[in-house]
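Features reported for this protein in Swiss-Prot:
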- ARG24, GLU81, LYS120, LYS455: (6S)-5-formyl-5,6,7,8-tetrahydrofolate binding site (BINDING)
- 216-378: domain 'TrmE-type G' (DOMAIN)
- 226-231, 245-251, 270-273, 335-338, 359-361: GTP binding site (BINDING)
- ASN226, THR245, ILE247, THR250: K(+) binding site (BINDING)
- SER230, THR251: Mg(2+) binding site (BINDING)
Amino acid sequence: MQAATETIAAIATAPGRGGVGIVRVSGPLAGRIAVEVSGRELKPRHAHYGPFLDGGGQVIDEGLSLYFPGPNSFTGEDVLELQGHGGPVVLDLLVQRCLELGARQARPGEFSERAFLNDKLDLAQAEAIADLIEASSEQAARNALRSLQGEFSRRVHALTEQLISLRIYVEAAIDFPEEEIDFLADGHVLGLLEKVRTELSTVRREASQGALLRDGMTVVIAGRPNAGKSSLLNALAGREAAIVTDIAGTTRDVLREHIHIDGMPLHVVDTAGLRDTEDHVEKIGVERALKAIGEADRVLLVVDATAPEAADPFSLWPEFLDQRPEPGKVTLIRNKADLSTEAIGLEESADGHVTITLSARTNAGLELLREHLKACMGFEQTAESGFSARRRHLEALRLAGNALEHGHAQLIHNGAGELLAEDLRQAQQHLGEITGAFTPDDLLGRIFSSFCIGK
C-alpha cells in the first residue's frame, strides 16, 4: 500500500441542490478533521448525527459524520464522510473548513486513483465506477456493476494465468535445451495455446458488446438515391432531422443524429445515395458515405422494395462490398413496403444475414428494426452475463490476440520456441494494461482525470 502524504477533500455528490450532499476526505489528516468538524471523537464505521462546526465553533450544518480508518476504506486511507444538506453553499463551506484544517482540493478521480494505487481495486474496476455513474440504460448499468465487482478483471486474470503457465513451460524448454523438448511433437504447448486463444476470442466478443452498450453503436444508413434513407433516419429519430424529397440526390453530405432506444445510445449516420455522378459536390458526398460505411458498427443497406434492382440488393453498388464491414454487420432494409405487396417482417438466412421489410413513411415494421438494433448492441444479455468495457480495453485485447496469432504461426511453421516466448510475453503485457499491472503513468492520468471530482 502506498502511503499518501497529502489529505484531499471534495464534494462527492452531483452539482446542484438536493436533499443530501456529501463531502469526502481522504488522507492522514482525516481523523483530526473529523474531530474538529464534529466536535468529538468518532467511533470508526459508525454514523454520528450532530453539528458541523466552523473554526469559531459556529454551526455550518447538521448531519451524519462517518469515519473509516485505513486500510478498511474505499481509498485504503483514513476516510471521513460528512453527509449534510445538499445545498451548494453549505457544501462549499464544509469543503473550505476541511481545507483550513490542512486538506487540499481533490483532483477529478483522485479518490478512485488512490484506491487503485492502494490495491483496493484494479484499473478496470476503477473505470467501471465512472461507467456506472454515466450508464444510460439498465443493461449498461448492470454491465458496469459486474465490472466494478470484478467480473471483467477475473476474466483477464484467468487469461493471464494461462499465459504464465504457458510461458513457464516454453521458457523452461528454452533454458534447458538438453531436455530436447519438441514443441510440436509434444502437443502440450499447442493445446494450451489453442485454449487461451479460444478464451481470448470469447472475452473480446463480450468486451465488444460491453463497449457498444457504454459508448453507443454507430449505425450507417446506406443505399441508392431515393431508397428512403433519410425517411428511415427521421423515423428512428422521431423528428424531421433530414430533408426528404422525391428528387434523387437530395442528401449530399453525411448527416449525424444521436438517438436513444430504451436508453441505449445510438449514433445514426445518413449518407448520400450511392451512384455514379458527374456532380462534384455529390461525388464528395459519395466518398464520405463509403468512408462512413467502412467505420460503422452496423450498416443498414436500404433498398426500394418496389424497384426491379431490389431482387439483388448487394449488386447495386460494387464499391459497397469493398467498404462495408464483415457481412454479419450488414442488415438489409427493404423499404417502401406500403407501396409493394411484401409483408412486414424480419427474416434471418441460414448464414446469419438479416432482412427487415418495413415502411419508413408509415412506421410499419419500425419496431422490428429497433428490437434488432437493441439485440445487436447486446441488449438481450441477461443480468448474469456481460460486463462493461472501453475502447482502450478492446485495443489491448486486439493486440494480445495479434501476439498470440503471431506466436502460433511461428510455432506451426518454424517451431520457434524463442519467438513464441516473446509473443506470449507481449500478450501478457497487453492484458496487464487492462487491469493496470502494466500501465504508463500518463495513461493513468488521462483515465482518472476524466472522472468526476469527489470520485
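A Cβ is built for glycine as well, from the same backbone N, Cα and C atoms used for every other residue.
Bear in mind that the values here come from a model prediction, so they are computed numbers and not experimental data.
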Pick out which of the binding-site residues ARG24, LYS229, LYS336 has the most other Cβ atoms within 10 Å of its own Cβ.
LYS229
Determine, to the nearest whole angstrom, how far the Cα atom of LYS229 (GTP binding site) is from the Cα atom of LYS120 ((6S)-5-formyl-5,6,7,8-tetrahydrofolate binding site).
50
Provide, as an integer number of angstrom, the distance between the C-alpha atoms of SER230 (Mg(2+) binding site) and ALA272 (GTP binding site).
9
If you count, for each of the binding-site residues ASN226, SER230, SER359, the other Cβ atoms lying within 10 Å of its Cβ, which residue has the minimum?
ASN226
Can you tell which of LYS120, ALA272 has the most other C-beta atoms within 10 Å, given these are the binding-site residues?
ALA272
Inter-residue C-alpha distance, ALA272 (GTP binding site) and GLU81 ((6S)-5-formyl-5,6,7,8-tetrahydrofolate binding site) (nearest angstrom):
55
Alpha-carbon distance [ARG24 ((6S)-5-formyl-5,6,7,8-tetrahydrofolate binding site); LYS336 (GTP binding site)] in Å:
58
Cβ neighbour count within 10 Å of GLU81 ((6S)-5-formyl-5,6,7,8-tetrahydrofolate binding site):
21
Between ASN226 (GTP binding site) and LYS120 ((6S)-5-formyl-5,6,7,8-tetrahydrofolate binding site), what C-alpha distance do you get in Å?
57
In whole Å, note down how far the CA of LYS120 ((6S)-5-formyl-5,6,7,8-tetrahydrofolate binding site) lies from the CA of SER359 (GTP binding site).
53
